[in-house]
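Engineer: Right, I'll just put the structure down here and ask away after.
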Amino acid sequence: MTERNTSTDSPEKRAAGIAAAGLVSSGMLVGLGTGSTVAYTIKELGRRVREEGLDILGVVTSYQSEMLAIEAGIRLTTLAQHPELDLAIDGADQIDSELRAIKGGGAAHTREKIVSVSARRFVVVADESKTSKQLDKLVPVEVLPFAKEPVVKKIRELGGKPQLRSAVKKDGPVITDNGNFVLDVEFGVIKDPEALALQLSSIPGVVEHGIFCNVSELYIGNKDGAIKIITRQK
């Protein structure tokens, strides 16, 4: 089987992705995230399915991860059939010292969040470049096209600077797997991610935003293959 080449090889991402795959055992229901680091997790799980007889069911967060999982030989299910998962594994665009994350660079954050909160344990895989003391990157906000301008107005009232995400290989805006637009919002340093998350969620027309405050553990990969594991403090 020829697997899709998902990204330029990265020792750090590979180390983190493969280490997280080691958390999975037969009988598990596993949420499979989207992005270059979790692609290594999906490939490793596929190897274990083929070579070790690993028996799992995966729930994917995007068409990209669905294609990777199918190519890897992972059997898939849905949240409609299995609304509670044992584990979800995903990447992040940025994650702070208290394991609050920004996700959504791939415009899949709505499904990623639904899958992550459906899991008993949510593990983020990343390299050191994604870690930061505080969150300060652009926050993706998925919005209904009908509500774009009212949402832009409300976000500006919160101090944000929203920009409609444009597609790279076609004219017009990025359209999510759910058929919506994405606003990339600059807030500067986000001093209280939990509060901002609640404010964004309360805006009518916002489908979901990219602030994740439910990460259980962070697996950070290094070039030498070593892994640093950080667990959320209770």
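Including glycine, each Cβ sits where the backbone N, Cα and C put it.
Take a look at what Swiss-Prot says about it:
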type	residues	note
BINDING	Thr34, Gly35, Ser36, Thr37, Asp90, Gly91, Ala92, Asp93, Lys103, Gly104, Gly105, Gly106, Lys130	substrate binding site
ACT_SITE	Glu112	active site, proton acceptor
Engineer: With every protein chain in view, how many other Cβ atoms are within 10 Å of the Cβ of Gly105 (substrate binding site)?
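Structural biologist: Result for Gly105 (substrate binding site): 21 other Cβ atoms within 10 Å.
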Engineer: What's the CA to CA span in angstrom from Lys130 (substrate binding site) over to Glu112 (active site, proton acceptor)?
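Structural biologist: Cα to Cα, Lys130 (substrate binding site) and Glu112 (active site, proton acceptor) are separated by 18 Å.
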Engineer: So which other residues, same chain and not among Thr34, Gly35, Ser36, Thr37, Asp90, Gly91, Ala92, Asp93, Lys103, Gly104, Gly105, Gly106, Lys130, have a Cβ within 8 Å of the centroid of the Cβ atoms at the substrate site?
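Structural biologist: Going along the sequence, the neighbours appear as Gly33, Val38.
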Engineer: List nothing but the one residue from Lys103, Lys130 whose Cβ has the fewest other Cβ atoms within 10 Å; the candidates are the binding-site residues.
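Structural biologist: It is Lys130 that, of the binding-site residues Lys103, Lys130, has the fewest other Cβ atoms within 10 Å.
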Engineer: Could you find out if DSSP has Asp90 (substrate binding site) as helix, strand or coil?
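Structural biologist: SS state of Asp90 (substrate binding site) = strand.
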Engineer: When you tally the Cβ atoms that lie within 10 Å of each candidate's Cβ, which of the binding-site residues (Thr34, Ser36) has the highest tally?
Structural biologist: Thr34
Engineer: Give me the count of other Cβ atoms within 10 A of the Cβ belonging to Asp90 (substrate binding site).
Structural biologist: 31
Engineer: Far apart in sequence but close in space: which same-chain residues, 6 or more away, have a Cβ under 8 Å from Ala92 (substrate binding site)?
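Structural biologist: Set apart from Ala92 (substrate binding site) by at least 6 residues yet with Cβ under 8 Å, we have Ala101, Ile102, Lys103, Val124, Ala126, Lys130, Phe212, Val215.
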Engineer: Taking only C-alpha atoms and a 10 A limit, tell me which of Thr34, Ser36, Asp90, Gly105 are near the residue listed as 'active site, proton acceptor'. These are the binding-site residues.
Structural biologist: Thr34, Asp90
Engineer: Just counting, how many other CB atoms are there within 10 A of the CB of the residue listed as 'active site, proton acceptor'?
Structural biologist: 29
